[in-house]
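Engineer: Here it is, the structure in full.
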């Protein structure tokens, strides 16, 4: 527990970005940092967060998960949908699926075309991805070998379904790639994961804080719920927070800056509660307006996905591992040897494709899983099976986050506005139909049984749309709600500094202007690494000179090995 009342920097949120900043800022001698986290420690003996294969467990309770819900989503049968966010040291890196996916080079080149974001091109960002990473098979032009984030690659001898699913994607006419984070993201191939060589989850608490905690210049307070940021005029001077169930406000001062790293839900929420945001929202709640900034909480984006599930005709799926009587042996091997089923998140193959020539870079992502079950561990199919998670990457739909009261313990109002555009519906129809073509390729002949979900009778546009409305779920990638840029809806500049304010930055997935093509943990860490150098007054790392794939006029798909006709 801290006793000081003043620090150089106060960081709100010990998630993927906050832990990165805390570690990097305290590398400079004499720089004091207070890291505030509303959740608790990352208990290293709790298999639910430390065992990769147990990734569904933290989503089922509230110890590690804020477990937000959306408002009724108007295009999704008015379902209130899950919006799980990490709570505890590590933030969402403590409960995520551990997929290490950086996004497409064109995502960052697209950001860099926006005024004020010119230094966010892919070749500007790549050195920071490398700085953060230690890849188990060693560094190269795309991968790091000395960073805090431990990345494990799939190995020979893993589940045969991974290999079969990648081969099926290639047989369907799509590219093959040997590294989804390397020269070419587009195509099917092995998927890296944030797991240590000893088979433990490589959260940012493990990667960054374990080293930083040794410095007496870093103070960490857990169970510290931020009430609001304190201002003198337009200058951030400190933070007021509550500890545990107490209503006693503790105030601490920042000599240099307040760094908000709460993520795409909490960061706009804290800004609004502090009086920075759309005046119309704040006035309704009698929150004094410090700065009318209309973009705070707007532009909210996410990835939506569906599961296409198939029975498996050979007993090679992970179905037996779901049975309680098999789990002690799996747990013991993982605990004592760091190997076996427990040591993998089981997302060891995936892919990125263009569903039509209209897209310059991939717009559909696949995760393959050698068992048929919901992401949060519910509704496991009671037989051998496998599934593909399929989702669109850059939906035009935009949502918002608004506070509902001044009370820091009250959850905000969240609306993603999923599937609000015609493009969304076309992408999901195409995604299901292309997946069915992939699943019918010869590589899966030895394994493929009947289609469990959606079911072979779901064929028409109307039937597919209804399936999406009823069954699509979040991929847990909220972002973009405090976007970088210079237009009237931008919240921060290209260094994370809040427009119109002093000594206040937002550094997390909320500042993405447009969501990236893939999972968000790796990009969030990169963003924090890059802005850490700005805060420290350091020269940016030299631009990379690595080559990268641009599709140009290359076709999205070649001729499939086996032609499949769609039923109407």
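Even glycines carry a Cβ here, placed using N, Cα and C.
Sharing the feature lines straight out of Swiss-Prot:
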- 477: active site, proton acceptor (ACT_SITE)
- 8-37: FAD binding site (BINDING)
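Neighbours and distances for these, please.
Structural biologist: A 10 Å cutoff on Cβ-Cβ distances gives residue 477 (active site, proton acceptor) a total of 24 other Cβ atoms nearby, all chains included.
There are 32 other Cβ atoms within 10 Å of the Cβ belonging to residue 20 (FAD binding site).
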Engineer: At the Cα level, what's the spacing in Å between residue 477 (active site, proton acceptor) and residue 16 (FAD binding site), rounded?
Structural biologist: 13
Engineer: Just how many other Cβ atoms lie inside 10 Å of the Cβ on residue 8 (FAD binding site)?
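Structural biologist: Taking every protein chain into account, the count is 17.
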Engineer: Helix, strand or coil by DSSP: which one applies to residue 477 (active site, proton acceptor)?
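Structural biologist: Note: residue 477 (active site, proton acceptor) is coil by DSSP, not helix or strand.
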